[in-house]
Structure formats: C-alpha cells, structure tokens
Amino acid sequence: MIQVLLVTICLVVFPYQGSSIILESGKVNDYEVVYPQKIPVLPKSKIQRREQKMYEDTMKYEFKVNGEPVVLHLERNKELFSKDYTETHYSPDGREITTSPPVEDHCYYHGYIQSDIDSTAILNACNGLKGYFRHHGEAYHIEPLKFSDSEAHAVYKYENIEKEDETPKICGVKHSTWESDEPIEKISQKKDFLEEKKYLELYIVADYVMFRKYGRNVTTIRMRVFDMVNYITVVYKALNIHVALIGFEIWSLKDKFVINASTKNNLLHFSIWRSTVLRKRNDNAQLLTGVDLNGYTLGSAYLKAMCDVLQSVGIVQDYSKSPYLVGAAMAHEIGHNLGMEHDTKTCSCMRGNCIMSPEEEGSDFPMEFSSCSLYDFQNYMLTDTPQCLINKPSNTSIIKNAVCGNYVEEEGEECDCGSPEQCENNCCEAATCKLKPGAKCAKGACCKKCQFKKAGAECRAARNECDLPEFCIGQSAECPMDRFHKNGHSCQNDQGYCFRGYCPTLAKQCITLWGSDAKVAPDECFQNNTNGNEYDYCKKTNNVIIPCKPTDVKCGRLYCTGGTENPSEGEKISSDPCKASYSEIEDIGMVDHRTKCGEKMVCSDGKCIPL
C-alpha cells in the first residue's frame with residue numbers, strides 16, 4: 001500500500017510528457033514539463049551595484065522543448081503604462097475610488113528566442129513564466145505547474161488546448177464601401193503624418209459581470225487586462241503606434257448602463273458614457289464584458305472613429321480563458337477604429353492568422369496585420385489624420401528614460417528625428433534632439449518650415465456640416481482640439497439635428513441599408529411598429545419586446561422604399577413600399593439613436609423625446 005501511494009505522489013508532482021492536464025488555459029491534451037533556468041544577463045559586479053527592483057529590466061531563461069535547447073530573451077515592456085495611469089472601482093456605498101498605483105516595477109515582458117529570427121515572446125514573470133512564445137513557426141504556451149513545489153512549468157502547443165466552444169466567433173462590424181474623395185495632391189501633403197510616431201492612450205472598462213466572473217477579485221482581473229494590453233502593444237508596434245494603458249476601471253458595484261446581448265445598443269450606451277461621464281482623458285476606450293453577446297459575436301466597434309469624441313470606442317466579450325485571444329479580439333476592434341475593414345480571402349499574413357480576420361480562427365494567435373489592413377490604415381491616416389494620435393502625452397507620459405534618436409519625442413526633448421544618419425527633418429538637431437537655432441517647431445499640423453503657421457490658418461477641415469473647422473493659433477505646432485456644432489443644430493436640409501459632430505437622418509440610414517436609390521418609406525409603414533411582434537417594436541430589453549407608442553413609431557424598425565433587392569445588413573422581412581431589415585444575431589434595421597422623429601424631437605432609447 002505504501003509503495004502504491006509513493007508512486008501516485010510521484011506522478012502528481014512530476015507529470016509526464018503526453019498526458020492530459022487541467023491548466024489555466026483549459027484542458028491540455030499534450031504537454032511537456034520544463035524547468036526554466038535563469039541565466040545572468042549582467043556580470044555579478046554590475047548586478048550588485050544595480051538598483052534593487054523586484055523585476056529586472058532584462059532577463060534570460062534556458063529550457064528544452066522537444067529535446068531542443070531554447071534560450072528565451074526577455075525585456076520588460078516599459079511602454080505598457082502611461083505615467084498618469086489610474087485605476088477606478090466603486091465602494092459598496094457607491095463612491096468612486098480612483099488611485100494611481102505604482103506600476104513602474106511591473107512583471108510584463110516581450111522577447112524572442114535566440115537564433116530564431118521569426119520568434120516572438122509575450123508573457124508575464126509575476127509568478128514564474130506564463131504566456132506565449134512562437135518558435136520555429138509553432139505557437140506555444142508556458143505556465144507554472146501550481147501543484148509543484150519545484151520550478152516545473154508546462155509547455156504545450158496552442159492547438160493542444162481543448163476548445164471551450166468549437167463554434168467560430170465573429171466580429172459584429174459590417175463591411176462598408178467607404179472610399180476617400182480627397183484629391184491626391186491634398187493627400188500627398190499628409191505623408192508626414194503617416195510617418196510620425198503615434199501614441200494611443202487606451203482606457204479599459206471591465207463590467208460588473210466580469211467582476212463577478214472572477215470572484216470579485218480585482219487583482220485577478222487587472223492581471224488579465226495587463227496580459228491583454230501587453231499583447232496589443234506588440235502587434236501595434238508594426239504600425240508605429242505606441243499603445244499605453246492610461247486607465248483601467250472596474251464596475252464593481254453595478255453597470256453604468258444596462259448591458260445586454262445587443263452589441264449595437266451596448267456600443268451606443270458605452271460611447272455616450274465615455275463622452276459624458278468619463279473624466280479621464282483618453283484616445284480610445286474599450287468595454288470588456290462578461291455578457292454573452294448575440295449569436296457568436298465576440299465584439300464590435302465604430303469604423304474609422306479613432307479620436308472621435310463619441311465613437312472612439314469598442315466592445316469585446318471575455319469569451320476565452322486565454323487573455324491573449326481576448327486581447328487579439330480587442331486589437332481587432334481597435335483596428336476598426338483605425339479604419340481597417342475585415343480581411344477577405346485575397347488578404348494574407350506571412351505568419352498564420354491575420355488580426356483583422358472576420359472570425360476567430362483557432363489554429364494560432366494572430367500576430368500581424370495583412371497587406372489589406374495596412375492599406376486601409378494608410379488610407380485612413382492620410383484622409384482623416386486623427387490628431388489625438390500625434391498629441392504627445394502629458395509629460396510624455398510613457399514610462400521610460402528618454403533616448404535621443406529613437407524617433408520618439410520624450411521628456412526633455414524638443415524633437416526626435418532619429419540618428420544623425422537617419423534624420424530627414426531640417427528643423428531638428430539629431431545629435432541633441434533640440435530644435436535648430438531659429439526653429440520654433442519640427443512637426444505638427446500648424447508647423448511649416450520650422451515656424452508656427454499664422455493664426456487663422458486652417459489645420460483641420462470640417463468633415464461635414466455638423467463639424468467645425470479648426471485653425472492654428474499662431475503659438476503652437478499642434479492643431480486645436482476637434483470642435484463641432486452644438487447638439488440640436490439643424491442639418492441635412494432640416495432632415496436631422498446634429499449630435500456630437502454627426503447628422504443622423506432616416507434618409508441616410510435608408511441609403512446605407514438599401515443603396516443610393518433608397519428613400520424613407522411613407523409614414524403609414526412606420527405604424528407597424530405599434531404591433532410589438534418579432535420584427536416591429538421600439539425596444540427589446542432582455543428579450544422582452546416593447547411595442548412603440550403612436551408618438552414613437554419612427555424610433556423603432558426603419559422602413560424604406562426603393563433601392564436594392566436585398567439589404568446590406570440583415571435579411572429582408574417586407575417588400576416595397578415598406579421594406580425593412582432584420583437579423584437575429586444583431587439588432588440590425590432599427591432607427592439610430594438621436595435621429596429626428598418630429599419637429600425639435602429626436603429618438604432616444606426607443607422613444608421620441610424633445611431636444
């Protein structure tokens with residue numbers, strides 16, 4: 001009996017290669033036990049003199065995979081957080097509690113495998129090594145074996161994780177036919193903008209379901225979010241975009257609005273919350289939800305909306321145990337904000353899956369953007385030039401020591417155009433990162449030939465009749481913050497009212513859904529919305545259908561006439577002159593928020609209310 005017991009204990013403590021095991025990522029059907037050995041990076045004398053930190057800036061580990069030695073080089077991601085990073089949660093009595101925790105000495109790393117030029121590593125060293133690395137074209141996970149007192153780790157291929165759900169997850173963003181109508185000569189003047197280093201200050205919110213899902217443990221959720229952002233920073237480096245987490249918020253008491261299965265409604269309400277309630281300045285905000293979204297949808301975002309006061313947002317479902325898969329979904333939605341459409345069959349990536357694939361593909365983590373995505377991104381940058389991306393964060397809030405010559409304008413620098421051999425900026429002294437004598441600026445929408453443009457020079461044209469142009473002030477290289485007409489300003493020949501820089505109208509929505517020849521249907525068609533059936537209603541809450549009141553009928557299902565035979569989204573459910581669209585997966589075909597529904601009246605949450 002004693003002999004049997006000893007054998008059992010040995011099997012538990014020292015798992016063998018090829019067995020199944022339950023790990024944090026799920027059930028793994030084939031894995032290998034490794035014992036990472038730390039290799040000193042600096043000579044002992046330097047290690048002793050070095051400032052004492054809990055986590056080192058650079059580390060090196062060696063272990064074997066399939067009998068082959070692997071040397072893992074790691075460097076701490078010093079650009080993960082902004083200097084003014086904050087965290088917010090809520091007390092039981094409803095008080096908002098915001099702190100500025102120390103995050104400089106964190107445990108999140110990027111790296112590579114020695115002698116493997118195409119390798120990548122994204123992991124944390126908070127308690128052992130945990131994360132993802134790519135070696136010889138294969139995707140691997142590594143994580144500590146919790147039930148072992150030794151340094152044992154499990155290494156396994158991503159493909160060997162037993163899938164939680166075999167059904168492919170899809171993105172809720174629909175294809176658009178947007179094309180630039182700017183003249184080539186005007187676009188060519190914006191090439192400098194495309195080449196500039198860009199900063200994306202990201203704010204992430206975890207909803208109340210997330211809080212409950214992870215046992216109300218704030219530390220567990222924040223570590224998961226940090227893993228996601230660590231992944232996102234890697235993939236966006238390829239676009240010369242530095243992503244820094246500027247704030248993280250947990251709705252630990254209750255959600256700030258009703259979050260349900262409809263990504264369209266959630267996205268709208270989150271965008272309104274961000275623009276009217278959230279006080280922390282940010283370039284983009286993402287809502288991480290534990291709610292199961294409609295159908296197989298894993299997220300959604302507004303297309304070409306980066307820096308927009310209202311629409312620079314996305315929503316992502318926490319659909320997988322792997323933080324990197326959820327991080328990939330968030331990187332995908334941010335890509336939509338940056339103008340990228342879904343990849344088609346003609347798009348491809350050199351290393352496996354592409355980030356902008358319309359559905360999650362289970363064979364590997366996406367690590368790069370396709371040529372199609374790069375084309376979309378470049379077009380969007382050249383036509384829309386989202387200014388928040390080149391606004392240097394306050395105090396260059398990236399946590400790292402300034403390095404002259406890295407193209408990043410950091411604290412203490414007036415400019416940074418690369419090394420003296422690489423610099424092509426006539427206003428910047430490359431060796432010192434200072435402006436040349438007589439120069440007042442080196443770049444910016446209000447900088448020309450090293451001088452500030454005169455006050456009154458237009459630096460950002462109005463996008464539409466609800467937007468306002470911006471003009472240089474004569475004392476700065478930066479274009480002033482984007483402004484627009486006040487809400488309620490009449491637009492589109494009195495067909496609508498401006499709302500945060502946009503003019504939502506029934507006519508425009510019909511054209512989007514049914515093509516350029518479509519028009520708004522006769523008023524009697526909208527009376528169907530009083531029926532309160534599967535298709536005709538004003539609001540659906542938790543699958544409960546609420547019919548429209550007679551005064552609210554133009555705030556329910558959208559009815560159009562003419563145009564194409566089938567809609568661009570959803571399925572046709574009725575014919576001319578009362579054409580409508582419907583989809584079970586998404587709440588498609590409903591009248592948009594703030595659309596005009598009467599004189600001085602607009603739609604809001606399925607009701608026609610006064611401005």
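Each residue, glycine too, has its Cβ placed from N, Cα and C.
Quick look at what Swiss-Prot annotates:
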DOMAIN    198-393  domain 'Peptidase M12B'
CARBOHYD  Asn217  N-linked glycosylation site
CARBOHYD  Asn260  N-linked glycosylation site
BINDING   His332, His336, His342  Zn(2+) binding site
ACT_SITE  Glu333  active site
DISULFID  Cys347-Cys372  disulfide bond
CARBOHYD  Asn395  N-linked glycosylation site
DOMAIN    401-487  domain 'Disintegrin'
DISULFID  Cys404-Cys433  disulfide bond
DISULFID  Cys415-Cys428  disulfide bond
DISULFID  Cys441-Cys447  disulfide bond
DISULFID  Cys446-Cys472  disulfide bond
DISULFID  Cys459-Cys479  disulfide bond
DISULFID  Cys491-Cys503  disulfide bond
DISULFID  Cys510-Cys560  disulfide bond
DISULFID  Cys525-Cys578  disulfide bond
CARBOHYD  Asn528  N-linked glycosylation site
DISULFID  Cys538-Cys548  disulfide bond
DISULFID  Cys555-Cys603  disulfide bond
DISULFID  Cys597-Cys608  disulfide bond
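The average pLDDT the prediction assigns to the domain 'Peptidase M12B' (198-393) is 91. Sorting the disulfide-bonded residues Cys510, Cys578 by the number of other Cβ atoms within 10 Å puts Cys510 first. In this structure, Cys608 (disulfide bond) is part of a beta strand by DSSP. Of the chain residues outside the Zn(2+) site list His332, His336, His342, Cys171, Val173, Ala301, Glu333, Gly335, Met340, Glu341, Ile355, Met356, Pro358 have their Cβ within 8 Å of the site's Cβ mean position.
It is Cys560 that, of the disulfide-bonded residues Cys372, Cys479, Cys560, has its Cβ surrounded by the most other Cβ atoms within 10 Å. The disulfide-bonded residues close to Cys446 (disulfide bond), defined as a CA atom within 10 A of its CA, are Cys459, Cys479 out of Cys459, Cys479, Cys555, Cys578. Counting every protein chain shown, the number of other Cβ atoms lying within 10 Å of the Cβ of Cys441 (disulfide bond) is 21.
Taken residue by residue with DSSP, Cys538 (disulfide bond) is part of neither helix nor strand, so it is coil. For the glycosylation sites Asn217, Asn260, Asn528, counting C-beta atoms within 10 A of each C-beta gives the highest total at Asn528. Between the C-alpha atoms of Cys459 (disulfide bond) and Cys347 (disulfide bond), the distance comes to 35 Å.
All protein chains included, Cys404 (disulfide bond) registers 20 other Cβ atoms within 10 Å of its own Cβ. If you take the Cα of the residue listed as 'active site' and the Cα of Cys597 (disulfide bond), they are about 31 angstrom apart, rounded to a whole number. The distance from the Cα of Cys415 (disulfide bond) to the Cα of Cys433 (disulfide bond) comes to 5 Å. Listed binding-site residues: His336, His342. The one with the lowest count of other Cβ atoms within 10 Å of its Cβ is His342.
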